[in-house]
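Colleague: One structure is given below, represented as C-alpha cells, and several questions about it will come after.
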C-alpha cells in the first residue's frame, strides 16, 4: 500500500461510534481464551492459521450477548459487510454463512476507521496489480474505475505502474499462505470502500450529514451568554420527585393499554392484518355511533375529550343545556387564531372581540377582571398569542367545572350505554401457531394462553 | 463601545467556564429529587409476552433512499419523501405553520401563506437534526435534538429554551413525545434511546443492549406509551418496553438503514422507511 493520505482517523471514529464498537467486538472475538475458536484452514495446498468458522462466529455471538440465532447471524453479517471479517474461500462475497465456511479477522491496518477515506492513488495501484497479474481479471465496474483513474491521474501513471509492479514483485517473495491472506485482506478492503454496483455502501453517511462539527454555529459571546442565561433559568426550575413522575407512566400506560391496538388488539379486527377495514369505518372521525372504548376515553382527560370531534360535539351539546356553550366556542376561536395564517390575525382578533369580549357582546365569556383588563389592553396590538391568557382561563374553567359535570351527566351515561362494542369477525386466511384471544391478536400476547391447540383451531377451514 | 458589547470581566473564557459550572450545579439539583429508578417502579407491572409483528405492506416505488414519512389524517394513507436537507414537521392541527430544524443550529417557525419567519430558536451548538411538537393542553412547546448531543425544549412564543438535556454520547437523530406530553424519547448515534421526564427534569431511562451498536435513527411510541419502536442504522427495528427498560423484540426485513419510523395516528400499525427504497407497514 502506498503511503496513503493521512486519514481523518480519529475524527471519523468519533463521528461514527459504531465503528469503534465493532472494532472492540472483533478484538474480543480474537481473545485467545474467551474468543471464537480458531483453527487452521486448509485451502488447496496451503494451510492458513487463525481461521474461524461461520457457525462458530454465530455461536459465540449468541453466547456473549445473550441473543437469538437470527440476531447473531445479522450482527455477524454486519461485521463481514464492514470488512472486519473476510471469507477465505470466496472473498468477492462479503456475507456470513453460518456453517463451515472459513473466515479470518481483518488486519487493523485495513480497518474501516483506520484507513479512511480510501485514497484514489491506492485504488489505482490495486486495480493495476489485478490487471497485470491476470488480464481480464477486472470486472466491469472495476474496468470503468480503472479507465476513469487513468484519465484523472494520468500525470502520475508511471508511479502507479511502478508501485504496482514493485508490490507484485515483493509479494512473490512471500510464502504462498501469506500471499493469499494479504490478497484477501486487500480485496476485502476494496470491496468495502469501492462496493460493486448493487451492493450497499456501508460507509455512506447519507444526505445532509457532512461533518457535524462546531464551526457551523459560531461560538460567539452571544452563544455563551444565551447558554448561561438558559442554565440560570433552569436552575430555578421547580422539579417533581422521580417517584411521582414515574408512577404517572404506570397509570397512563395501564389506563390507555386497552385503547392501544398494538398492545391489546382491536375489534372487530386490525385492518392491516385481516384486510377488513370495518374498524376504520366504525372509528371514523364523525362516526354516527361511537364505540364504547372511544366514549370511555373521553373520561381520561379533558384534552382527550376535546381532541375527538364526536366527543367535543357532545360536550358542546351539554354546555348548551347549561347555557355556557360560548366558553367552548371562544376556546375554538382562540385555537383558530393561534394556529392560523399570519394574515388572518387582525381580522380574527377583531371578530373574537366583537363576539365574545366586548361589553354587551352576543356571546360574552366570563373572564376574571384582571385577565380581561390585560387582554383588552393587548388587543391594541393584535398578534396570534394575544388571547392566550384568556383562552387558558376559560379552558381551566371548563376543565374544573363543566367537564366533571359532563362525565356525571345523563347525556354521557346514555352515550356509554348506546356505544357500540364490535363483535370479533371470523378470520380468513392466516397462519398462526396457536389460537389467539381474538382475531387480531396483540403482538404483545401474554404467554398464559392454552397450549396444545391444533393449528387452525377455531374451526374455520383455511382456504 | 466595543462592537461585541463586552462588559467588564466578561470574556469568552469566563462565560464558558461559568456555563460549565452552572451545568454542574444543575446536574446536582436534578439529582436531589431522584428517589427511584423507572425499572424499580415498574417491577409490579405485568411483563409483556411473546411479541409477533410482521410486515403487512411493502411499498416499493421510490428510486432512492426514503428519508421522511408521515401518516395522513385519515390514518391509512402515507406521505413519504426522498429528500435531503431540512427536517420538516407539519403542525397537526392545521397546515398553516411549519416548524423546521436546520443545519445552521437553529429552529424556525414559519407562516406558510406569507412565507414570514415568525420566530427563531437559537441555542444548539451544531446542526439540529430532529424535532417534535408537544401534545400539550395549553402550552406551546416543542423539543429538538442535535449534533451537539443536546435535546432542548423550547417555548414557541418567547423563543427561549426552557429545558436542556445533555446525556447522549453522540448525535441525536430523533425525538418524540410520550403520549401524555410529560416526557420525550430520543434516539442517537450512540446506539441508545433515552427517556427524559419534563417534570422531574432529568433522564429517567436508557434503552440499550450490548449487541446493539449502530445508531438509532428514528423513534416513536405506541398509543399507550408502553412500547417504544426504534429504527436503527443496522437495518433493524427494536421494540422496547418503556417501563421495564427491556428489549421486547427485534424486527428484520429491511435491507438497508431504517431512516424513518412512525406509528399510525390510530395506533393500529407503524410504518418504517429505509434506504433500501421501500416502506413497510407493520402490525
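Residue 1 is the first one shown; counting continues down the chain.
Glycine is no exception: its Cβ is also placed from the backbone N, Cα and C atoms.
TrEMBL feature annotations, pasted as is:
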type	residues	note
COILED	B:9-39	coiled coil
REPEAT	B:59-100	repeat 'WD'
REPEAT	B:98-120	repeat 'WD'
REPEAT	B:121-164	repeat 'WD'
REPEAT	B:165-206	repeat 'WD'
REPEAT	B:218-250	repeat 'WD'
REPEAT	B:251-283	repeat 'WD'
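Describe each of these features in terms of where it is and what it packs against.
Modeller: Summarising model confidence by region, the coiled coil (B:9-39) averages a pLDDT of 92.
For the repeat 'WD' (B:121-164), same-chain residues at least 6 beyond its ends with a Cβ under 8 Å from one of its own Cβ atoms are 87, 89, 91-92, 99, 101-109, 170-177, 179-181, 184, 186, 188, 196, 198, 201.
Distant neighbours of the repeat 'WD' (B:165-206): 23, 30-31, 33-34, 37-39, 129-137, 143-147, 149-153, 212-221, 223-225, 228, 230-233, 240, 242, 245; these residues of the same chain sit at least 6 beyond its ends, with a Cβ under 8 Å from one of its Cβ atoms.
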